[in-house]
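Down below is the structure, laid out as structure tokens.
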Amino acid sequence: MDFDNLINGLDRATLDGITRGSIYALVALGYTMVYGVMKLINFAHSEVFMVGTWTVLGVYTVLGATSSSGTGMVIGATLLALIAAMLASAGTALAVERIAYRPLRKKGAPALIFLITGIGCSMVLVEVFGQVLKYFFGPPFGRVLVNVPAVLETKTVFTIPGVDLAISNTRILIIVGAIVMMVALDTFVNKSRLGRGVRAVAQDPDTASLMGVNQERVIMLVFVLGGAMAGVAALLFTIQYDSTKFDIGFIIGLKAFTAAVLGGIGNLRGALVGGLFLGIVEVYASAIWDSSWTNVYAFVVLVVVLMFRPTGILGESLGKARA
Amino acid sequence: MSQILDAYRGLKLGDRWDGAPKVVRWAVMLLVIAFAFYLPYLNILPFAYIRTDLSSTGSDWASVLFLIVVYMIVAVGLNVVIGLAGLLDLGYVGFYALGAYSIALFGSTNSPVVGALQSRFGFSEEWAVPFAVCIPIAIVMSLIAGVFLGAPTLRLRGDYLAIVTLGFGEIIRITARNLDNVTNGAAGITQVPVPPGPEIDGRNFFNTIDAERWYWLALTVLLLIIFLARRLEHSRVGRAWLAIREDEDAASVMGVAGFKFKLWAFAIGATLGGLAGLLFGSKQQYVEPNAFMVNLSFLFVAMVVIGGSGNIFGALLGAFLLTYLPERFRAFVDWRPFAFGVALVAVMILRPQGLVPSRRRAREFEDRRHEAEEAAADV
């Protein structure tokens, strides 16, 4: 127990927690949207995120971008990496839906089977980067940690006076980027015509299809949107941690799902609240006790919240949001 | 493929079995059991080709058989949770690890717990909790863990159970890794005790060389557990599980206490997982946290679901295939997880009810498929 450690570094810990939480929240969106519409935990979503991080690495490698590149190159490479990661992740999510979930939906299989094919897809994707691509192309693929060049150099933009906390450009990008994407998605789901279809299917699939909503198309849309958000998260993750690995998705995915459940699964704003909450709790708890127990804190928080508020902090409401 | 399946269905093995005279059934069962006990010495062509030690790089056949049987015990236990009660438990490895760690912590002279007991009560350096006492300790530990995990989470919706149990599996592993002064941390615990037995050729009856004895022990335990699980399945409790799986609301209207029976299923499943872990830890004589990774939980679930959830023999088949095939094709060790993932997706899409589903389960699937088709036709 070391509360002094937390109090002394409270500003720093809060910043770390928000950064971490923003990434969790973006990945959590994919889980929460798919769950809201299909009542299904998409176990392959963690690997959708992982594919995004590799795409970022690929774009940097092709463009030859490094930490010493000029300003134009930095902006160009980062934007291109963002678009490529969003496309690759959305494509992966769509492929998973096509291969693993659609045939089962046609057969009316029970929910358990969807989980199993999701886990199967997740293993296949992990092994594609850990083994198959290594077999054909060699490094950097394989079962090792890979460095992603820090194209965007970390610089202190300003210092918060009083607490003397340095805010760097990468932190701003991650936090602002995550919030902008979430607001955009929230607006899309709540204001646009397609978004109304998503909410309708989440509320009552049968009635929605009677009202002329194409359910299959809504499901595809949800996977694409969730995948694209995971792609954004992947770029932000590589900016913050400068690395990727074939099995990086597992723990991030687990945390992101925990965040989604914490905030109230099926609720977009809940994903943001849950993600930030989880990120901050993890960092605080690690400061007070020991950082080798980080994952344990996350699950203890989950169980405690579920015991006292089974529908999460904000409740479940993709469909029940103001129409 | 489908022709073979149709031919298999035409045989109506299950109906024939039920229709056969009792004498025939007993004779066949005894023959199968006798053959199972003979397996380590299997030497008759062409059956001997299934042995895993044909090439010099292969793994020891009796040890593979032992692992298959331990995983079969796991599959029978998990089948109670997933197949009968319809609860998705993704943290089963936690109970397996608890079983293995219980016997290591209390039975090994290498364990800090035993060390503390020795100095507290002034026992000699060689003293440790006897093996026979370790068994109830392991069972009680995993039972308590099952009830503690189940009591708060089983009231929640089914999907949350998956994620909470997944977390539980991780917590057990991280705890075992981090609590250095209780579990020796990542170094693990050596000198895990073996069951007592007469000394033969100057060695303990249960040792690291004669793996077939371990296999026979595990097989005996497995047969006992299969018998008990069958009795349980056809008891009042078993029928309650079935009703909950089919429709929990309808079951509770009919007076089936959903939570109580789900907790029972969870606790029984946990106990069997702990028992399997105990056997595993004792045979290895060494327990370390990295032997209990999350992937093992997925493997366990895959065994039950691929084999055909709800059917004990399906679970046994699943456990056999998913343990035996990777050992038989050890040369492709790097490709095994990839092949496993592909097989998982392929089998589930082509045959969502599993390879040998229980007859009731197969009919349910047929029903649901028709409903889905009709719904599609209506639109």
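Placed from the backbone N, Cα and C atoms, the Cβ positions cover glycine too.
Per TrEMBL, the feature transmembrane segment maps to B:23-41 (among others).
Annotated transmembrane segment per TrEMBL: B:61-82 (among others), in sequence order. Sequence-distant contacts of the transmembrane segment (B:61-82) (same chain, six or more residues past either end, CB-CB distance under 8 Å): 39-40, 42, 51-53, 88-89, 92, 96, 210-212, 214-215, 218-219, 221-222, 225-226, 229, 232, 241, 265-266, 268-273, 275-276, 279-280, 283, 300-301, 303-305, 307, 309-312, 314-316, 318-320, 322-324, 327.
Tertiary neighbourhood of the transmembrane segment (B:89-107): same-chain residues 74, 77-78, 81-82, 113-114, 128-131, 133-135, 137-138, 141-142, 145-146, 149, 161-173, 176, 182-183, 189, 192-193, 266, 269-271, 273-278, 280-282, 287, 289, 291-294, 296-298, 300-301, selected by CB-CB distance under 8 Å and a gap of 6+ residues from either end. If you look up TrEMBL, you'll see B:89-107 (among others) marked as transmembrane segment.
A Cβ distance under 8 Å defines the sequence-distant neighbours of the transmembrane segment (B:127-151), meaning residues of its chain 6+ beyond its ends; these are 91, 94-95, 98-99, 102-103, 106-109, 111, 114, 117-118, 164-165, 168, 193-196, 262-263, 266-267, 269-271, 273-275, 277-278, 282. According to TrEMBL, the feature transmembrane segment maps to B:127-151 (among others).
The annotation transmembrane segment is assigned in TrEMBL to B:214-232 (among others).
Residues 67, 70-71, 73-74, 76-78, 80-81, 84-85, 87, 89, 92, 95-103, 134-135, 138-139, 141-143, 145-147, 149-151, 154, 214, 217-218, 221, 225, 232, 237, 241 of the same chain, all 6+ positions outside the transmembrane segment (B:263-280), place their C-beta atoms under 8 angstroms from a C-beta of that stretch. What TrEMBL records for B:263-280 (among others) is transmembrane segment.
The feature transmembrane segment is assigned by TrEMBL to B:292-325 (among others).
Under the heading transmembrane segment, TrEMBL lists B:337-356 (among others). Remote same-chain residues near the transmembrane segment (B:337-356) are listed as 295, 299, 302, 305-309, 311, 313-314, 317-318, 322, 326, 362, 365 (criterion: CB distance under 8 Å, separation of at least six residues from the stretch ends).
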With Cβ-Cβ distances below 8 Å as the criterion, list the same-chain residues six or more beyond the ends of the transmembrane segment (B:214-232) that contact it, or say none.
33, 36-37, 39-40, 62-63, 65-66, 69-70, 72-73, 76-77, 79-80, 195, 206, 238, 268, 272, 275, 279, 283, 312, 316
